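Following: one structure in structure tokens, then a few remarks.
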Amino acid sequence: MPPTLKGSAAGFQFRMNVTRVTPNLRSVNSTFNQDPGMETYQLIILVVCYSIVCLAILTVNYLMVRAFITNQSLLYHQRYFLGYLACADLVVGLASIPTFLYNMTNWPSYSFYIYEASDCASGFGSAGILVALSVQALRSTFRSPTRYAGYPKKRNFYLVIAGSTFIAGGAVAFNVACLMDYVSFFVYFYLAVGLLAITALFLIFTCTVVMVSQLYGKVRETDRDEDKKIVKSVIASCAVYVVLWALPYTGFTYYKFCNFCVPVSIMFLYSVRIVLYLKSILMLGFYFYTISSLHRTVKKILTYDCLGIPRYRYTRKN
């Protein structure tokens, strides 16, 4: 009789069936997809926590995409890049977290490759966009607004987006091939760590230069307050990416590379992955509350577009 794990708390029943899976699937998943041998209440806690994070990711990034579709002139120099970041993070909420929970409660399954590929695509796709945003912040700091007004051109947006998509697609292909044991995992480890190290060092360098120039440099009177807030939001987003995604993902990759050489509990291994998903909330969350034009657009979407609440109320004077 196949082993099952049943629980009656809150009407949940999780079945962790191993014998019904074909030997080919088990042999493929046994290398990196560890068995979540946890108690039922632990599974329930993780499902609830990840579901809340998933809902927050979908809400934040949907509002970001909707804001740029509603108002095409909103944040002209950043809207293409921010829209791309929002779409990349939407993939996390739509594909990565649901398949992660499915694999955790129905181990083993092919959904393991789906959430690994989705996380890889979102993270490496965001890397190129953040580099472009940090370069924009650096240029806007050292160029006068009149010289910077004509930059960047649309073709530069498309080139950066195409390059980021190409890098993310290559990383996903290598990742899945290594997870399926078609290629040795050390190839992906060194490529991923090298690319993340270069990206992190570049982001840290550019953001540090921008911060120092704003703190100790001469502030131009022509700079708008909203432009300064945009630069601060870019710096905060780069910091969130490095701390909440680049460093944890490097740790996860090394953990697979050394064949689980660090002794950690299964509960910790499956719960710490939530750090990667917090990036998809916080990285673009700074733009909502620091930039007034985007904040007003989001409020309009939530009140008027979604709920039908009028934005302004006029009173007739007698």
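Every residue gets a Cβ built from N, Cα and C, even glycine.
If you look up TrEMBL, you'll see 43-69, 81-101, 113-135, 156-176, 188-212, 233-255, 267-290 marked as transmembrane segment.
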Contacting positions for the transmembrane segment (43-69) when only residues 6+ beyond its ends and CB under 8 Å are counted: 7, 9-10, 12, 14, 36, 75, 79, 82-83, 85-87, 89-90, 92-94, 97-98, 100-101, 104-105, 270-271, 274, 277-278, 280-281, 284-285, 287-288, 294, 297-298, 301-302, 305
Stretch among 81-101, 188-212, 233-255, 267-290 sharing the most Cβ pairs under 8 Å with the transmembrane segment (156-176): 188-212
Beyond the flanks of the transmembrane segment (233-255) by 6 or more, those residues with Cβ under 8 Å of it: 78, 119, 123, 126-127, 130, 133-134, 136-137, 188-189, 192-193, 196, 199-200, 203-204, 206-207, 210-211, 261-262, 272-273, 275-276, 278-279, 282-284, 286-287, 290-291
Same-chain residues at least 6 beyond the ends of the transmembrane segment (267-290) whose Cβ lies under 8 Å from its Cβ atoms: 34, 36, 38, 42, 46, 49-50, 53-54, 56-57, 60-61, 63-64, 82, 85-86, 89, 92-93, 96-97, 100, 104, 119, 122-123, 126, 229, 232-233, 236-237, 240-241, 244-245, 248-249, 252, 298
